[in-house]
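Report on the following structure.
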Amino acid sequence: MKKIVPAGLAAIVVVLSATTIAVPGNAAVESSPVPGQIMVKFRDDGAATGVLRQNGLSDGPPIGSTGAHLIRVPEGKELQLVSALSRNPAVEYAEPDQLVTAATNDQYFGSQYALQNVKQSFTNTAGTVTVAAGTNDADVDAVEAWGVTTGGGTRVAIIDSGVAADNPDISPQVAERVNFSDKTIVVPDDYDRYGHGTHVAGIVAAISENSIGVAGVCPRCSILDVKVLNDSGSGTSSAIAKGIDWAAAHGAKVINMSLGQRVSSRTLEAAVNNAWSQGVVIVAAAGNGGTQAQVYPGAYPNVIAVAATDNNDAKASFSTYGKWVDVAAPGVSVYSTFPNHLFALETQNNRSEGYDILSGTSMASPIVAATAALVWSTPAGTSNTAVRAKVESTADPIYGTGSYWAHGRVNACSAVGCVIP
């Protein structure tokens, strides 16, 4: 690799559907029903009122374009009513709304080994973590890829806790915002008081060559800020489904979801499949449980599931893995943007405002999403099928390929067709 010097995680959604929560550290992905609501899809909407009335319920609002409705139920009766409704021939399916959490784990390009690994060692901004030197070229060759494209305005939707308005390295990249969380936006700081979404967005599209902060893998991409998580990193499956639907309708070419749950949701899968049918590439974190257990939405066929590697191209100890996982990307001690105001992960993980590191498949997923966005801006970007195939087929076959993940650690340079001298 040629050295180039730049010019200056819910039931609780791990962050998925149902209530979603970003999971810091090496937390495993767990799910549980959201109290007081379920998701129901009827074979004939005309029968909905009568069937619901028989069970003492009323119809609720639609969940995006999935065809399912969000039905309010007495707390503690969720599973009982799911079972009763599922037995009715007029019901296609009934399921709990699941809580989900963000898949997090835990000036500064020189510390961004994921983009260009020259065996650097570094200390995080807060001075609490020292990262030992890694292996030369254990990176995604993003700098080399920029010789071909920097993104050309490709829209990437970040379905997460929001993107801070006060970090000048990422806020100007936000083209549109929407809020599906239970957090009311009153002042600009409310866009992200958790920190996870801002960090993920910066990995994708932080501005390069502006002499501050960090550079995103796709520094000329545009961000669609789809807020589905509140100040504690918590959200719902139904909110995520709405967010997916909104992103597809607003021109997203790539959707990133650094979140997950162990319980599959037909409503969430329907939203994913609808977005895929509209030509969107969908990328999601594989999870931080350190096991082979499937995590959703990553495990759905129309999603690229991403495991995490370190600066030696080894599987991160916390990373979920297995043949159901599609690719890997760096996810250990990844530098990126944070809000310039107090945020939850700042106190939970002892991180600094502005810029600092986090680890997790939450950090690996946006690297893959950004790589897909780069491919979209090249002649190879003819369809979501073509873009996904290019990202997967050009991944470097590092150790663990075929067992920990199917295709290897992504390589942005190879994906966009550049040649490393």
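Glycine residues also receive a Cβ, built from the backbone N, Cα and C atoms like all the rest.
TrEMBL: automatically predicted annotations, no manual curation.
DSSP classifies Asp160 (active site, charge relay system) as strand under the three-state reduction. As annotated by TrEMBL, active site, charge relay system applies to Asp160 (among others).
Counted within 10 Å of its Cβ, the other Cβ atoms near His196 (active site, charge relay system) come to 34, all protein chains included. Residues annotated as active site, charge relay system in TrEMBL: His196 (among others).
Marked as active site, charge relay system by TrEMBL: Ser362 (among others). Residue density at Ser362 (active site, charge relay system): 39 other Cβ atoms are found within 10 A of its Cβ, drawing on all protein chains shown.
What TrEMBL records for 32-96 is domain 'Fervidolysin-like N-terminal prodomain'. Here the domain 'Fervidolysin-like N-terminal prodomain' (32-96) returns a mean pLDDT of 92 for the predicted model.
Feature annotation from TrEMBL assigns domain 'Peptidase S8/S53' to 151-395.
The signal peptide feature in TrEMBL is assigned to 1-27.
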Quick note, Asp160 (active site, charge relay system) and Ser362 (active site, charge relay system): C-alpha atoms separated, nearest Å, by 10
Quick note, Ser362 (active site, charge relay system) and His196 (active site, charge relay system): C-alpha atoms separated, nearest Å, by 9
Secondary structure of the domain 'Fervidolysin-like N-terminal prodomain' (32-96) by DSSP, residue by residue, totals 19 helix, 21 strand, 25 coil
A correct count of other C-beta atoms within 10 Å of the C-beta of Asp160 (active site, charge relay system) gives 36
